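Okay, structure first, notes after.
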Amino acid sequence: MRKKMLASLQWRAIRMTTGISLLLFVCLISFMMFYYRLDPLVLLSSSWFGIPFILILLLISVTVGFASGYMYGNRLKTRIDTLIESILTFENGNFAYRIPPLGDDEIGLAADQLNEMAKRVELQVASLQKLSNERAEWQAQMKKSVISEERQRLARDLHDAVSQQLFAISMMTSAVLEHVKDADDKTVKRIRMVEHMAGEAQNEMRALLLHLRPVTLEGKGLKEGLTELLDEFRKKQPIDIEWDIQDTAISKGVEDHLFRIVQEALSNVFRHSKASKVTVILGIKNSQLRLKVIDNGKGFKMDQVKASSYGLNSMKERASEIGGVAEVISVEGKGTQIEVKVPIFPEEKGENERDSSIID
């Protein structure tokens, strides 16, 4: 339909210019006849190379009119075609496209106005997308805030109720053992089993509470925050904890993620590994920040680890969010090693140019 319309427009221009040429031809012949008082028979009899002169003039007029109409119509058709193609591009949602200059007449003015319209629509779309992103970020932040508050409430309730009751059970069983020294071995053994189970439950509860209500950096550097965290774990857990943490000048976001990864790793160790020793190492080597958490616990078979394991997935996701990778290596009966590698770019290196000799 559009091509037919443009073709019709071009042919109309050809017909118009050809008609004007014929009219001028008739006017010219009439002027020559009346002004020079020429006999029409003379004009008809005049020839050039055997071709009547009047026929030559007629052919020249028609040719000039046709050529002029074709060139003008084709140029007009091309400009309108460009304008229509551009409108279709805008209709398809590509508002970044701009119509090329089409001249200073009405068509060019229409193209300029369409470009201005596309620019305004593009800005409005960008503004809507920005608002949508901000809304999504706000919702995510609200969700995190609600989850954090709920975890704090749950941790507080567990500490005030279950943890205190477990402590009371442990104390009562210890007191009972003092008063039943003369009881049979079977009874004493069962009481000691209850005491041991209460102690294990207390350790599990401590690890769970630290996981639910974790310590945060709160303006401290990563080394200081990790040192306080590890010292707190050492006081609350019957396990040997060693660490070698290098000072690192990295961004706050990277520090927060690494701190959370260590928290998650320690929580997993205390809750599942049955380890007697944990080592935490943090240093820089080959333009990479490397974090290792190593325990001598029971380990697990790598091919049997659950893909849905929340702790391992959480650490891998946090490492990925800061452009790093988290690798887990475990040998059944020998322990587990979690290693996180994060690239350090030149602007982040600062004082970290020297490699850490503790990272192998």
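Cβ coordinates are placed from backbone N, Cα and C, and glycine is handled just like the others.
Annotated domain 'HAMP' per Swiss-Prot: 74-126, in sequence order. Here Swiss-Prot flags 153-346 as domain 'Histidine kinase', drawing on sequence analysis. The annotation phosphohistidine is assigned in Swiss-Prot to HIS159 on the grounds of sequence analysis. Residues or ranges marked as topological domain 'Cytoplasmic' in Swiss-Prot (evidence: sequence analysis): 1-15, 69-360. Positions annotated as topological domain 'Extracellular' by Swiss-Prot: 37-47. Positions annotated as transmembrane segment by Swiss-Prot, on the basis of sequence analysis: 16-36, 48-68.
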Under 8 Å by Cβ from HIS159 (phosphohistidine), counting only residues of that chain that are 6 or more apart: LEU209
Residues of the domain 'HAMP' (74-126) by DSSP state, where helix covers H, G and I: 39 helix, 0 strand, 14 coil
Within-chain partners of the transmembrane segment (16-36) [C-beta distance under 8 Å, separation at least 6 from its ends]: 43, 54, 57-58, 61-62, 64-66, 68-69, 72
Confidence summary for the domain 'HAMP' (74-126), mean pLDDT rounded: 85
